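Notes follow once the structure below has been shown.
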Amino acid sequence: MLRAVYKWVDERLDVTPIWRDVADHEVPEHVNPAHHFSAFIYCFGGLTFFVVMIQILSGMFLAMYYVPDIINAHASVKYLQTEVAMGTIVRGMHHWGASVAIVMLFLHTLRVFFTGSYKNPREFNWIVGVLIFFMMLGLGFTGYLLPWDNKAYFATKVGIQIAESVPFIGSYLATFLQGGDMVGATTIPRFYALHVFFLPAGLLGLLATHFILIRRQGISGPL
Amino acid sequence: MSKKVSRRQFLTYTLGGTAGFLGMGMLFPMIRFAADPMLKKGGKGAFVNTNLTEGQINETPQAVDFRVAVKDGWYVPEGGEPRTAWVMKSEGKILALSPVCKHLGCTVGWDSNPQFKGEFFCPCHFGRYFKNGTNVPGTPPTKPLDQYETKIEAGHLWIGPIKKA
């Protein structure tokens, strides 16, 4: 049945070459944990991507209940966590996943650094990776404000004051981030828009570039 | 297809099954979370005092405003949500009709269209009801207006939830 549906679609769209091109490629022996267990360090990039997918998915579901404004933000988070079935789990996935994603990303960076994989001709992919790191930090920073509790409020105040300390453009940067003179009604929707539209769009674009470059250049050789 | 499961097939099934199991472990909480409003039981309506005395109810429908306590997610409006009922005496009994049209949910008014005197009228698609709430045949609604449960306590009219048909 499933096979017949696939065949019907494939006859019309010719999708087989596309997914073959994406998925059907050899994994070199030195990055395959089945050959050398220590090669598990090569999994951190893929694990980061997997966690990012979980973040996107759980975030989409959280957005079904969350309201980005000063009156309702905290109340809606409290409601979805305490009164909606499995709310604790879904918010927990997003909350812990955020930290796990940063940790995985960091381990991936360490692996690339210590195997020297960033060297020519892969410097550009290192730069793209650093941009991905900044995107993820931005997602973490903007997401932190959204529950609108004390921790969120003061963390954002501190973050914005750090931005304000940048020479010359600092005060403009702070006003831009706050959307006004203080962290409040205009800040939440701004952070929400950055958190769910702008930064994920940028992140997905960078990830696509990252993956295309890996396929073009191949995985770096063994040590 | 041969009867024997080949090694490749066996591995495909076990790998697919494991992946599916792990995937469901991830997706199930999220889907259950999203589907929660469907599975939640609605609150049971309580009776509220309308402050209308029994003597004030007559044969002509009158709009009676009252407030019911609601919990809309995390939002609990102070003093409750305003509701209206068309209250009248009909054949000696008290009738409290919901003003929500049974066609597509607009609000009906009593005697509100000069063309259709002595009827409930819905401006959206010209739905009409007789005084006792029965829909006028040939107009959009196919069912009579809903009735609220009512009771008289200490001389005052109390309105409850909508009667189940």
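Placement of Cβ uses the backbone N, Cα and C atoms for every residue, glycine included.
TrEMBL lists A:5-223 with the feature domain 'Cytochrome b/b6 N-terminal region profile'.
The transmembrane segment annotation in TrEMBL covers A:39-67 (among others).
What TrEMBL lists as transmembrane segment is A:96-114 (among others).
Look at TrEMBL and you will find A:126-146 (among others) tagged as transmembrane segment.
Sequence annotations record features per position, and here TrEMBL assigns transmembrane segment to A:158-179 (among others).
The annotation transmembrane segment is assigned in TrEMBL to A:191-214 (among others). Cβ atoms under 8 Å from those of the transmembrane segment (A:191-214) belong to residues 49, 52, 56, 59, 63, 68, 122, 124-125, 128-129, 131-132, 135-136, 138-139, 142-143, 145-146, 156 of the same chain, restricted to positions at least 6 beyond its ends.
Counting same-chain residues at least six beyond the ends of the transmembrane segment (A:39-67), those with a Cβ under 8 angstroms from any Cβ of the stretch are 30-33, 73, 75-77, 79-80, 84, 87, 90-91, 93-94, 97-98, 100-101, 104-105, 107-108, 111, 136, 139, 146, 196, 200, 203, 207, 219. Non-local neighbours of the transmembrane segment (A:158-179) in the same chain are 141, 186-187, 189-190; each lies 6+ residues outside the stretch with a CB under 8 Å from one of its CB atoms.
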